[in-house]
Amino acid sequence: MNPDYNVEFFRKFMLVMNALDNRAARNHVNRMCLAADIPLIESGTAGYLGQVTVIKKGMTECYECQPKPTQKTFPGCTIRNTPSEPIHCIVWAKYLFNQLFGEEDADQEVSPDTADPEAAWNPEDTAARATASEKDGDIKRVSTKEWARSTGYNAVKLFNKLFKDDIMYLLTMDKLWKKRKAPTPLDWHQLKNSACPQEKSVGSGLKDQLVLGVWGLCQMFQRSVESLRSELQEKGEGAELVWDKDDPPAMDFVTAAANLRMHIFSMNTKSRFDVKSMAGNIIPAIATTNAVIAGLIVLEALKILSGELESCRTIFLNKCPNLRKKLLVPCILDPPSANCYVCASKPEVTVKLNVHKTTVLCLQDRILKERFGMVAPDVQIEDGKGTILISSEEGETETNNSKFLADFGIRNGSRLQVDDFLQDYTLLVNVLHTEELERDVEFEVVGEAPDKAPPPQPNKEEVNSITNGNKADSAQPSTSSKAPADDDDVMIVDSDEEEGASSSSAAAPTSGTKRRHSDAETGESSTKRLRMDSTDNDDDDIIALD
């Protein structure tokens, strides 16, 4: 998202291949390719599932045409080296719990990642630095659990290793911090000596909804480590604990460790309640899945470079073979969504919020940046005066941040012109004032239904498709239809066998095929449109991962 990589930069290329690890970056590249009118090959994997699709302005759906559930998976180098969001620290803390008290997993390492390509050192320096890293403040780099056991799970030593020595080691990877704010190590004894006896928690209400100060988090960390150590001892030699959000010591440990890491990386800390609600499952990366998807990306790229854009497909990698014994299933590309707030000719959205409670900073960070994926938005109120509410130029409108929208005359029916010059993207935001939002809901996008697929749109166009990347082994012509969502974990498939021959075919409607499956990027259950020939029901069962 560096301004150096602007639209003109993207126009230098014939196509772009995405191999990205987060939603914000995917959204951004999608918009840059639309602005530059360059074909984009988008892909994603989740465990054994994967997909590849092609995005072309005016011809296909863009990445943001279909609403997507919140992302739940994160790359290891981000978790270990450069967390930028609270969820990154929460995932790290859950990994840490398993490394210390549960089943050790090499894919859940919490120590600094020396293989991070962004932190790559000069080759001649690598060996020297690797040797120097064997010890960090008298702590030898061995298995995290092995080292913890050798200390008797001493909470203070654990604290100083995780939040001081490891952070100091991260600071030696100086390339990581050239364009990021560097982390600040914490030292237990310094914090203890400087702790104020009257240190208060922030917030009100239930105990779990309080945000503790740094020393309060240190004490919670110490108590939880001691409790978990006792649990391990009671279970006997070789015992392991399983993390459970409803187990108080386990939840306290993750809350304390995650918040301490948030503080180190200059993030606002969270309450125990917030941490508990954010802690989710992590989907592993499978090397073979990534290899298959990488190959499919190249096959689609060859079509584009050969001027055969119309023959490009969306291809899905299934976990198990379908009824025709195929793991790879191709589909024709969907046309752009008329209601997309990104690739429509005049993008426009309506946002329901309370103008008396929504601050300018909330509009900027929570709505425009987080929800609508902008990087550096400029906002002008359509009030006849051209009032500038938010400027991407540093220092111009920061004084507005704490003010409410109503303070600027924004009311029900007001319109905001939002521009992101980096993305060459303009969005018109219609404000719908309401005082009836649910508790803890800051805003709603009107008409948004993230858990539902669009209504059916019959398409009779016949195309040639490719199965398993081999033109000689092609599937039957297929078309696209979009069906409403079914309940989770329901699968209905077509069968060549007579009705009643299998439980699958017995449940299958003759008009279509659909199943819900996990999203290749988020792991959330997601619905995708069936592709089938209007004259031939002998088609593959199709899934899609939005």
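For all residues, glycine too, the Cβ spot is worked out from N, Cα and C.
What TrEMBL says about a protein is an automatic prediction, not a curated fact.
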*Quick one: which of 106-137, 170-201, 362-393 does TrEMBL have down as region 'Disordered'?*
106-137
*What residue among the recorded positions R23, R26, K94, K161 has the most other CB atoms lying within 10 A of its CB?*
K94
*Pick the one among the recorded positions A24, A25, C77 whose Cβ has the fewest other Cβ atoms within 10 Å in this structure.*
A25
_DSSP-derived helix, strand and coil totals, residue by residue, for the domain 'Ubiquitin/SUMO-activating enzyme ubiquitin-like' (351-438)_ = 19 helix, 27 strand, 42 coil
*Nearest to R23 (ATP binding site) by Cα, among C77, K94, K161, K319 (recorded positions)?*
C77
*Near K319 (SUMO1 cross-link), which residues of its chain come within a Cβ-Cβ distance under 8 Å, counting only those 6 or more away in sequence?*
G47, Y48, L49
